[in-house]
Every structure is written in structure tokens, then in C-alpha cells.
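A quick write-up on the structure given underneath.
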Amino acid sequence: MATHVWLIATVLSFTIGLTVNACPPSDRAALLAFKASLHEPYLGIFNSWTGTDCCNKWYGVTCDTFTKRVADINLRGESEDPIFQKAHRTGYMTGSISPAICKLERLSSVIIADWKGISGTIPACISSLPFLRILDLIGNQISGEIPFDIGKLSRLTVLNLADNKLTGRIPRSLADLSSLKHLDLRNNMISGTLPRNIGKLRMMSRALLSGNRIYGPIPETISYIYRLSDLDLSLNRLSGSIPESLGKMAVLGTLNLDGNMISGPLPATLINSRISILNLSKNAIEGNIPDVFDQRSYFMVMDLSYNKLKGSIPKSISSASYIGHLDLSHNHLCGAIPAATWFDHLEASSFMYNDCLCGKPLKACS
Ligand SMILES: *[C@@H]1O[C@H](CO)[C@@H](O)[C@H](O)[C@H]1NC(C)=O
């Protein structure tokens, strides 16, 4: 009898112990399969991945407190963590991201960032993780395409795949990511055109696509994204003209279109918009600089260098409230440089290599 009671008590406490502490064996198995396809030779970040309870002190793993399911994988190769300070180095990891990760069906964030050597592709099954909010794989060697049905991730707020080797097009379904706030695909080899339905991304505040091979026009629908504050499409192969509507956006503060093949005129709307960082350098923008500067014109950066602008620098530029860094070099501008109080800090290099500009800070007009 006594043994019986004792046995029941042990079984009970064991089960309670299990439900309170341990992660489900299937989650643990998935993590171990994930680990098995990676190789981290210098820091030993996976040394803690032992024992049955993956929710307890497994480096970079966090579980949901109620469900005990794995909720976050947070592995950053550049971090202040003591593990890095002790080793006096940043992280380096090779291998690939195993599709086993998709068995962790309660995952909310997957951050596998700055390991420099992780290659392979993004597991296609990642788009079937219904609770995923953050997917951050920046700074690896990941190749292949963005999963075509990525748009199924209806809770995704951050998609950061920058600094990898991704190819292929931006999937049309991307525009279905109705929670997306931060899109970073910089420095890959992504080609194709920008999805025309991109304007559906109503929550997006930063869209960074610089350093790819994206061609074709800038869709006018981008201006429907009324929370967009930072648009970086620089160093691609975009052509066509700049949609006038970009200058009418409510909070767009940074617009970088430099290093493309954009032609057509400089829209007047950009001159007195909310934009304070404007880089249109190295395109084929033609025509005059619109004479519409006013008190609303406040630029930390206005770089219009290396285009085909002609005519004179408009007189109204002196009524801009501020222009910090102005670069009008390498165009076909001509005539006297207007005077403005904030012009005092500008150097000759801002105006050089034009057809016939003159006056301070260049040599006096004759
Ligand atoms: C503007 O873009 C050009 C070309 O990409 C770059 O060289 C330049 O540094 C940028 N200007 C500023 C002020 O950042």
C-alpha cells in the first residue's frame, strides 16, 4: 500500500514536472535536427543544447510560458553576450537552416543573423509558420529565392534578408504581408520588377531594397503606403520616371533612388515635401530643377549629382529653410549661383562639373 502511494506520488510529480518545465519532445527533436545542420566552430553556442528541457538555458531558445512550445530562436553572430566577449571574436557559422525548423509550429521569431557563413536556401516550409512575426537572416550566404508563398505569413512584421545571396524575383505574394512594417532585402542579387501591388503593404514604414538587380519602373502605388518613412531603392536598375506622388506622402522622410537608370524630370513635389534625405545621384534625370523651394524645403541631404539637369539653379532655393549637404555636381547647370544664408557652408565641390555655373563658392561671374 505504502509503495503504491509512493509510486502514484512519484508519477504525479514527474508528470507535473514535465508539464511545467520540459519542452515537448517533438520541439526538442526539431531543435536538435536544426542544430545538426549547422557548424559553429569557435564559440560553442550549442554546448548548452543538452538535456531534455529545451526551454531551460538552451542558448538562444525561448519558450512560451504557457504552452511551453518553442517561441523564439534568437542567434546573433554579433552581440554583446559574454560568450562573444570571452572569445574576443564575432560569430562564424557554416551549414544551412534545416527545414526541421518548420516543425516548431509556434515560432514567433527566427533570428539567425550575422553568422557570415550560413549557406543553403530559406526552407520553403517557413511560410507555413502561422505565428511568425520576425524573420531575420541578415548577414549570411543564403542563396535561392524568397519562398513564393511568403505572403501567407499574416503576422509577419519584420522580414530582414539583407546581405545574403538571394536571387530570383520578389514574390508577388509579398504584398499580402498585411502586418509587415520593416522590409530589408538590401545587398542580394534579387532581380525582376517591383510588384505592382506593393501599395497593399499599408503597415510598412521601412522598405530597403538597395543593392540588387531590380529593374523596371517605380510603381506609383508605393505612394499608397501612407506609413512609409524610409524608401531605399538605390543601386538597382530601375528606369522610367519618378512618380510625382512620392512627394505627397505623409511621412516619407528618406528617399534614396541613387544609382539607377531613372529618367524624366525632377518632380516639383519632391522639393517641398516631408523628405529631408533625398539622394537621386547617378541617374539620367533631365530638365530644370523646379523653382518651387519654400519654407517647407528642409534637407539634411539633397544629392542630385551625376544627372542631366540643365538650366540655372532656381532663385527660390534661397528660401529653403535649410539644406545641409547639397550636391549638384556633374550636371549641365549654368548661370549664377543664388545667395542664401545656409549656402555659406557649401563648398565648390557641390557645384563643380556643370556647364557654366559661376559665383560663390565658384569663381565670380563675368
Ligand atoms: C548618394 O548616392 C551616391 C551614389 O550611390 C553616393 O555615392 C553618395 O555618397 C550618396 N550621397 C550622400 C550624401 O549620401
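Backbone N, Cα and C atoms are what each Cβ position is placed from, and that goes for glycine too.
The signal peptide annotation in TrEMBL covers 1-22. Feature annotation from TrEMBL assigns domain 'Leucine-rich repeat-containing N-terminal plant-type' to 25-64.
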Residue list, the domain 'Leucine-rich repeat-containing N-terminal plant-type' (25-64) vs rest of chain: Cβ under 8 Å, 6 or more residues beyond ends. 70-75, 83-84, 87, 89, 91-98, 100-101, 103-104, 106, 115, 118, 120
Would you list the DSSP helix, strand and coil counts for the residues of the domain 'Leucine-rich repeat-containing N-terminal plant-type' (25-64)? 16 helix, 5 strand, 19 coil
